[in-house]
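Straight from TrEMBL, the features:
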| type | residues | note |
| --- | --- | --- |
| BINDING | Thr51, Val215 | pyruvate binding site |
| ACT_SITE | Tyr142 | active site, proton donor/acceptor |
| ACT_SITE | Lys172 | active site, schiff-base intermediate with substrate |
Amino acid sequence: MTPRKKVKGLVAATITPMTPDGKINLPVIGHYVDYLVNEQNVKNVFVNGTTGEGLSLSIQERKQLAEEWVSQGKDKLDHVIIHVGALNLPECQELARHAAAIGAGGIAVIAPFFFKPTNKDELVAFLQKVALEAPEVPFYYYHIPPLTGVKIRVEELLDGIKAQIPTFQGVKFSDTDLLDLAQCINKNETGEFEFLYGVDEQLLGALAIGANGAVGSTYNYLGRQTNLMLQAFAKPDFALAQQYQFLIGEFLNFVIKLGFGVAQTKAVMTFVSGIPMGPPRLPLVDASSEFIAKAKAKLDSIVWPDGN
Ligand SMILES: CC(=O)N[C@@H]([C@@H](O)[C@H](O)[C@H](O)CO)[C@@H](O)CC(=O)C(=O)O
């Protein structure tokens with residue numbers, strides 16, 4: 001596999017735009033790419049994940065979305081990572097082959113969560129079979145135990161992983177267990193792997209522990225502010241970085257209390273960006289107009305340290 005530039009900084013977990021009648025809305029994606037790059041300064045995307053309702057889409061839809069993101073992102077985005085996880089191996093493998101064929105910059109796989117792997121060996125055996133279908137594409141394990149219920153510790157998974165999955169590139173770590181993350185980073189002495197953190201409200205803690213970057217839903221519409229937090233952290237100006245994290249947390253704490261998930265993320269992105277993200281797909285249902293009004297008022301009330 002040819003070495004490529006490592007993923008650093010923010011990765012937007014993309015939303016899947018849908019038409020009012022629930023079909024995927026591909027023509028919006030070109031504008032979406034420009035918005036991320038120009039307005040949010042976010043140049044990496046993670047497609048068909050949780051925020052993208054990947055597990056609620058058909059295989060055909062997932063392929064169309066992957067193709068559109070890769071083609072619209074050409075010469076604009078640094079990395080397009082496609083999530084190819086599914087509940088069954090053949091579909092994961094088909095999506096991995098497809099991602100490789102269209103030139104995706106990386107693939108990621110969630111643990112299957114109906115019949116679940118019960119230990120590290122079972123999980124790695126599954127991931128390995130998917131990775132083998134895309135032997136030239138960097139591979140990420142997508143660790144999100146709050147949704148999959150698969151709690152196998154990542155630090156255990158790392159032992160010997162490169163021998164089993166030669167394309168292994170890193171982990172999208174969407175869990176609050178910072179002890180596990182810290183152990184992973186401690187094991188990654190040579191820095192060969194990337195650890196991309198996925199709990200946006202506590203990213204600063206993960207950065208302090210050594211996360212290389214972050215994948216999340218809020219970078220679609222709070223990418224600019226989160227980038228300023230990363231800059232303050234790198235400077236280092238920890239007091240300023242904390243101010244950003246506290247304000248991001250203030251918004252998320254507010255919306256989480258109202259009930260916050262992918263449907264609400266679609267609504268927030270629509271009012272912030274002006275790009276119509278449309279409704280979510282069942283079983284998710286639209287955010288209420290009350291939620292939208294309150295979330296908008298809250299976001300508008302926040303004065304960011306840079307005065308914007
Ligand atoms: C459970 C969940 O959806 N987590 C989000 C976070 O970005 C989350 O929306 C954010 O931290 C707000 O709670 C990401 O980790 C998911 C993600 O990156 C994805 O869409 O694949």
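Backbone N, Cα and C define each Cβ position, glycine as well.
Please treat TrEMBL annotations as automatic predictions, because they have not gone through curation.
The model shown is predicted, which means the values in this text are computed figures rather than measured ones.
Feature map: annotations from TrEMBL on the structure.
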residue	record	Cβ within 10 Å
Thr51	pyruvate binding site	25
Tyr142	active site, proton donor/acceptor	27
Lys172	active site, schiff-base intermediate with substrate	30
Val215	pyruvate binding site	28
Can you tell me which of Thr51, Tyr142, Val215, our recorded positions, come within under 6 Å of ligand 1 at the Cβ?
-> Thr51, Val215
Whole-Å Cα distance, Val215 (pyruvate binding site) to the residue listed as 'active site, proton donor/acceptor', is 10
Whole-number Å only: compute the distance from the Cα of Thr51 (pyruvate binding site) to the Cα of the residue listed as 'active site, proton donor/acceptor'.
-> 13
